Amino acid sequence: MANRNLEKLASIDAHLRLLVPGKVSEDDKLIEYDALLLDKFLDILQDLHGEDLKETVQECYELSAEYEGKRDPKKLEELGSVLTSLDPGDSIVIAKAFSHMLNLANLAEEVQIAYRRRIKLKKGDFADEAHATTESDMEETLKKLVYKLNKSPEEVFDALKNQTVDLVLTAHPTQSVRRSLLQKHGRIRNCLAQLYAKDITPDDKQELDEALHREIQAAFRTDEIRRTQPTPQDEMRAGMSYFHETIWKGVPKFLRRVDTALKNIGINERVPYNAPLIQFSSWMGGDRDGNPRVTPEVTRDVCLLARMMAANMYFSQIEDLMFEMSMWRCTDELRVRAEELFRTARRDVKHYIEFWKQVPPTEPYRVILGDVRDKLYNTRERARHLLAHDISDIPEEAVYTNVEQFLEPLELCYRSLCACGDRVIADGSLLDFLRQVSTFGLSLVKLDIRQESDRHTDVLDAITQHLEIGSYREWSEEKRQEWLLAELSGKRPLFGSDLPKTEEIKDVLDTFNVLAELPSDCFGAYIISMATSPSDVLAVELLQRECHVKQPLRVVPLFEKLADLEAAPAAMARLFSIDWYKNRINGKQEVMIGYSDSGKDAGRFSAAWQLYKAQEELKNVAKEFGVKLVMFHGRGGTVGRGGGPTHLAILSQPPDTIQGSLRVTVQGEVIEQSFGEEHLCFRTLQRFCAATLEHGMNPPISPRPEWRELMDQMAVVATEQYRSIVFKEPRFVEYFRLATPELEYGRMNIGSRPSKRKPSGGIESLRAIPWIFAWTQTRFHLPVWLGFGAAFKQAIQKDSKNLQMLQEMYKTWPFFRVTIDLVEMVFAKGDPGIAALNDKLLVSEDLWPFGESLRANYEETKDYLLKIAGHKDLLEGDPYLKQRLKLRDSYITTLNVCQAYTLKRTRDPNYHVTLRPHISKEYAEPSKPADELIHLNPTSEYAPGLEDTLILTMKGIAAGMQNTG
């Protein structure tokens, strides 16, 4: 198969070169990388499980490839009969093999992207394949602003050092790959990149070959399935591991590159170390919306754990800095401090490895940094004690309690070096360290708290009932506001210890008590989901005051559903009209807009347009009241939940809605894609910072009035069609549950939170992630495209000139272009033939016409999209992506078919299959089948092996689509 596979891959490559000769360069290594990994893997498979199993994998691959060529449904049935005849152990091995091959294809692709980028930069070209604007590189962006758009270098520098990008890592349950495997994947990537380095010796090559073999085999031999559900603390540790592995060192490295880019446009200053260019926040252990497992104790643990990790990372670096700071020339200010510290230093020196004796005053910088090291040690140990025992005997004065205390001695060293003519030394590791302290502080990340507005209403209702002044829940909005403002303006406490509390009320109040107990720099924003009115915001302000939160968190309303987005500007105007609130916010307000629930509620088309309009209107309201507005974008990883390339998403936002301040969620599997490797981390930071700068200094065009009018009309049609099918069609939920693996999603143990807000109920109560996940698995992607076709059809039928208008919008308006391109990309990943197979096997016959009409709608929508984009074929403007998707099609199809038939076997007790004798030989005992794999899941309610096979197909398809939910 390896040779045949290489031929097939090469033919895809040749076909692409013919299509667009200028676009696919001859130095493209993707085919080579992919074939090498596949070769290695197939050899391993044969060694471990025998020739017969390897041949079955090849047979499945070839049937898939034949299907991909002609889309002949008979080939899927042939493939199905091969897969259903396998015994349970073989079935697991084959599903695992295809899932593994898709992960290897992803790794080949990542190494190729990094390789191509290096080649481009060496040539001095723009870094991206098609055109510069799709990849925001810092240096390119600065040069473009200065040389093409005639901005002055000083103006650009000024904008840059005042901008902030805050990346908020969330534990959304979409990372379907286990951490054990992610680490092995990282090592495979490194081996592959080094194997193709120019100056590699034969011995190096042999050793790397062995290492690659070892890591591929180790990954294949690791159980891909999480056998228990992760806790919020597990999720937080997984999220924080990226800081340890890439982000910690990535930030100073990125800021150095910004310094270099500034030098190249004539600015001879560095970005100040305290410029808030990049910030990190987290929802892991703070997001309790619909997740009962995030308790106040979890929030406290997560904050202390992050503080301990931060102190530990600083501590592990401080000795290197002490080695570097061996200079003796210093300012009088620093010398006096060093002598004072030397005199008063306690003699009970810690058991340090380096500088374990007292440092002499002739090395003043080391004396100062030695004191910093002692305090960091104590800071780490105190956090550890509090985490383990709730109490610590290390006094507060021996630790750093705020970041200013930590920065002060470091700034003293920096000033002294500069004053003594050693700026070049100051701008080395010390500057990097200062930048890390400014970025990560003592808490590593700022934890956001998220809670549903109803939970606050419950607490206030309990309080008003206890005070015997009525039921807060039943009061009108006016009465609620009046009472809240009266209490906020007064001084008296609202309730005492005698307040009767249910578990839920105690949970909410205890969360506020944790906010009061821990240092304020642990926390970021308090986000209220399902916020609709000013009283929702005032309620949180009052509860913070009542629970004695010394530095109250900024309160951020989250608008998600279509109706809430429409009402958001009016709600914010009412809030800004309240004098007490206007004084409280000091001219700054953050508003969060949710992409996933708005898409689930109204479909992607209407959600995208409403999000665009809501931002424009919110910006105008804020301007009217003299408030600086920060938009917080709650984007998922998939297009159905607002995902897509970062730089394009930023550059297509309405003009003046970012203005140098951007907050955005980085969710689930996107964290790995953004920060899994050093070069990915670097690229992510570049993209966000460069695109934010460009959006502010070179805003996209505003849509013309006639475009707006057309969009408004189309949005009505799109919403109507989407809702008429998803919410009004009486048997839609039944069809959805039969045609997709939605009901089986929970078995993957991806995240700590339940997949439903309420245990029973229809689409409304289903979370957006499993909703998208289920459709992604069947490659039908219904939530992404449903409504687009009807909207375009109606617009063009109403007036044929609208087609030209839509084509013009596509060419000149970034928002519209990005929206269409993302849906086109999803169509390129889709295959209605797979959805048809699922219908045939899993859906009751009387619902088949419903599936057929949806597939007809799919084809019609695709045709309209191509017409508007002016393309003959999907992705003709992006040959690289086309090539990458083609490479993985045959693997995914095998898993799709395996999933459909496995679902049939788990759901239909009357479906009988004839199993052939087992073909897999276990390496240690060739006579023994691979049935020990079945014993990894002893509690399955299905026939042996079926549940694991099913979960492996879900994980493999998620890896292949590169989108989970």
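Numbering starts at 1 and runs along the chain as it is shown here.
From the backbone N, Cα and C atoms, a Cβ is placed for every residue, glycine too.
Annotated features in Swiss-Prot:
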ACT_SITE  H172  active site
ACT_SITE  K600  active site
ACT_SITE  R641  active site
BINDING   W283, R450, D597, R635, T665, R753, R767, A768, I769  D-glucose 6-phosphate binding site
BINDING   R641, Q673, K829, R888, N963  L-aspartate binding site
MOD_RES   S11  phosphoserine
Cβ-Cβ neighbours of W283 (D-glucose 6-phosphate binding site) (radius 10 Å): 28
The one of T665, Q673 whose CB sees the fewest other CB atoms within 10 Å, among these binding-site residues: Q673
Cα separation, K600 (active site) to I769 (D-glucose 6-phosphate binding site) (Å, whole number): 10
DSSP-derived class (H/G/I helix, E/B strand, else coil) of T665 (D-glucose 6-phosphate binding site): strand
I769 (D-glucose 6-phosphate binding site), number of other Cβ atoms within 10 Å: 27
Integer Å distance between the CA atoms belonging to Q673 (L-aspartate binding site) and W283 (D-glucose 6-phosphate binding site): 18
Proximal residue to K829 (L-aspartate binding site) among recorded positions D597, K600, T665 (C-alpha distance): K600
K600 (active site) and R888 (L-aspartate binding site), distance between Cα atoms, whole Å: 28
Neighbour count (Cβ, 10 Å) for D597 (D-glucose 6-phosphate binding site): 23
CB contacts for K600 (active site) [other CB atoms within 10 A, all chains]: 26
Cα distance (Å, whole number) from T665 (D-glucose 6-phosphate binding site) to K600 (active site): 18
Secondary structure of W283 (D-glucose 6-phosphate binding site) (DSSP, helix/strand/coil): coil
